[in-house]
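Visitor: Dumping what Swiss-Prot says about this protein:
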ACT_SITE  Glu399  active site, nucleophile
BINDING   Gln50, His150, Asn195, Gln196, Tyr339, Glu399, Trp446, Glu453, Phe454, Phe462  beta-D-glucoside binding site
DISULFID  Cys215-Cys223  disulfide bond
CARBOHYD  Asn222  N-linked glycosylation site
CARBOHYD  Asn436  N-linked glycosylation site
SIGNAL    1-30  signal peptide
Amino acid sequence: MATGELALVSSLFIVVVFLLLGAVAREASALTRHDFPEGFVFGAGSSAFQVEGAAAEDGRKPSIWDTFINQGYMPDGSNADVSADQYHHYKEDVKLMYDMGLDAYRFSIAWPRLIPDGRGEINPKGLEYYNNLIDELIMHGIQPHVTIYHFDLPQALQDEYGGILSPRFIEDYSAYAEVCFKNFGDRVKHWATFNQPNIEPIGGFDAGDRPPRRCSYPFGTNCTGGDSSTEPYIVAHHLLLAHASAVSIYRQKYQAIQGGQIGITLMVRWHEPYTDKTADAAAAIRMNEFHIGWFLHPLVHGDYPPVMRSRVGVRLPSITASDSEKIRGSFDFIGINHYYVIFVQSIDANEQKLRDYYIDAGVQGEDDTENIQCHSWSLGKVLNHLKLEYGNPPVMIHENGYSDSPDIFGKINYNDDFRSAFLQGYLEALYLSVRNGSNTRGYFVWSMFDMFEFLYGYRLRFGLCGVDFTAAARTRYLKNSARWYSGFLRGGELRPEKSYATL
């Protein structure tokens, strides 16, 4: 080798060594928000039914969740009639967000507040409230990220035609979504059509432990009717078509003028095999297809996953060629809500005469929301899965959080350092995923405030900010995690000696 060539190789070797050392040093140093790409959004979230209160004020009418609660189906007997009462405290709440340094606030619009009967007249008081909230956020430099539907279907539509189980839902939802675009889209630039449409069909129409309480034996009991083997798939199909319809309206009539983006938010749990058996490994892959691919596969490829087609058969609705064209690509981003891993085992579906979603998937596993474990590596697996299987779509992490122990029910609790540790682990895992090519563009903590939690009432509290539910004024207070997150948002370091990314 000539002297010049040797010198060139030596120089290149030194450069490579420095780059590698820099990468190692970067992993060992403290992480700050400035290590994320420019424009990366950090925020926190809520939903209308859970945080607003004012359940019977200013023209709002009941949702299916109001009915569910009033009929006595909440295990702890609680309700969301007042909850954190953001309806009356939104200015105070936005000031808290501003003081903490949030880039964005994710919230939902209550369909029964904006259009109380589900269709027809707009409630002027509802319109006023959301305009005021959006304006207050923008005045404080906080982006509004709006979910159009977060489980709170107007009871009027459930009574009239069975709600989401009927294809009539698609037209009514589309009209409601257009009201939102028309009235708020000049200021709202980030829309999600649905929150967790891959969960509502299971709870409401398979297990029947959520409204409208439809199920069939042996998959649920004490239901109002239903068929657990077919209705979850029908409902999911209607949600998918309603999503595509709303996106089509937005793109054809509003997007070019308003300059916003629209997507959908899915629950994305990660499934791992319970044992090292080949059957359990296959079950985990299959369950990720049933859970994530149920919506993402048609959104990206235009049809349901092949494994669902083969295992569900004729009970899985067909996607017509015209519907496939509307559904495929009907997103500018994918929102994901991720909390934990479920370890699953394979079961023999052929031995089951009666079938539902989980029998069709051929898996069993434990879903323990009350005891969330920190497996932050799972977020990396989720984001890598989206990158490899679905073309690396733009992603917004719309929910990630940890609940206080039920033992502190009814108490004011500032000390939630484990929440800070939990979030730090996931932020570190998120950073590594972004560095490795994930197209993730935002992260929202669930939740901004303590509030009513679906099925759990006030026993589980996810808030960065606490709420004194014993006080009529619903006094807010900053927990330790709120101060920790605020420090990060303002450029502070996530200390490496307190790293939880491997948990």
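In case you wondered, yes, glycine gets a Cβ from its N, Cα and C as well.
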Visitor: Between Phe454 (beta-D-glucoside binding site) and Glu399 (active site, nucleophile), find the distance joining the two CA atoms and give it rounded to the nearest Å.
Guide: 14
Visitor: Over all pairs within Gln50, His150, Asn195, Gln196, Tyr339, Glu399, Trp446, Glu453, Phe454, Phe462, the annotated beta-D-glucoside binders, what is the largest Cα to Cα distance, rounded to whole Å?
Guide: 18
Visitor: With Trp446 (beta-D-glucoside binding site) as the reference Cα, tell me which of the recorded positions Cys215, Asn222, Glu399, Asn436 is the closest one.
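Guide: For Trp446 (beta-D-glucoside binding site), the closest Cα among Cys215, Asn222, Glu399, Asn436 is found at Glu399.
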Visitor: Within 10 Å of the Cβ of Cys215 (disulfide bond), how many other Cβ atoms can you find? Include all protein chains, please.
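Guide: Cβ-Cβ neighbours of Cys215 (disulfide bond) within 10 Å number 26.
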Visitor: Anything within 10 Å of Asn222 (N-linked glycosylation site)? Look among the recorded positions Asn195, Cys215, Tyr339, Glu399, Asn436, comparing CA atoms, and list what you find.
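Guide: So the list is Cys215.
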Visitor: How many other Cβ atoms are found within 10 Å of the Cβ atom of Asn222 (N-linked glycosylation site), counting all protein chains shown?
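Guide: Result for Asn222 (N-linked glycosylation site): 9 neighbouring Cβ atoms inside 10 Å.
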Visitor: At the level of the C-alpha atoms, what whole-angstrom distance separates Gln50 (beta-D-glucoside binding site) and Cys223 (disulfide bond)?
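Guide: Pair distance, Cα basis, whole Å: 24 Å.
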Visitor: What is the total of other Cβ atoms whose distance to the Cβ of Tyr339 (beta-D-glucoside binding site) is within 10 Å?
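Guide: Within a 10 Å radius of the Cβ of Tyr339 (beta-D-glucoside binding site) lie 24 other Cβ atoms.
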Visitor: Including all protein chains shown, what's the count of other C-beta atoms within 10 A of the C-beta of Cys223 (disulfide bond)?
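Guide: The answer is 19 other Cβ atoms.
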Visitor: Which one is it: of the recorded positions Cys215, Cys223, Glu399, Asn436, whose Cα lies the shortest distance from the Cα of Asn195 (beta-D-glucoside binding site)?
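Guide: Its closest listed neighbour, by Cα, is Glu399.
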Visitor: Give the distance between the Cα atoms of Asn436 (N-linked glycosylation site) and Tyr339 (beta-D-glucoside binding site), rounded to the nearest whole Å.
Guide: 21
Visitor: For Gln50 (beta-D-glucoside binding site), just give me the three-state DSSP call.
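Guide: For Gln50 (beta-D-glucoside binding site) - judged by DSSP and reduced to three states - the answer is helix.
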Visitor: Within 10 Å of each Cβ, count the other Cβ atoms, then let me know which of the recorded positions Gln50, Asn195, Glu399, Asn436, Trp446 comes out lowest.
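Guide: Minimum Cβ neighbour count within 10 Å, taken over the recorded positions Gln50, Asn195, Glu399, Asn436, Trp446, occurs at Asn436.
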Visitor: Take the Cβ of Phe454 (beta-D-glucoside binding site) and count every other Cβ within 10 Å, whichever protein chain it belongs to.
Guide: 21
Visitor: To the nearest whole angstrom, what is the C-alpha distance linking the residue listed as 'active site, nucleophile' and Tyr339 (beta-D-glucoside binding site)?
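Guide: So the Cα of Tyr339 (beta-D-glucoside binding site) lies 8 Å away from that of the residue listed as 'active site, nucleophile'.
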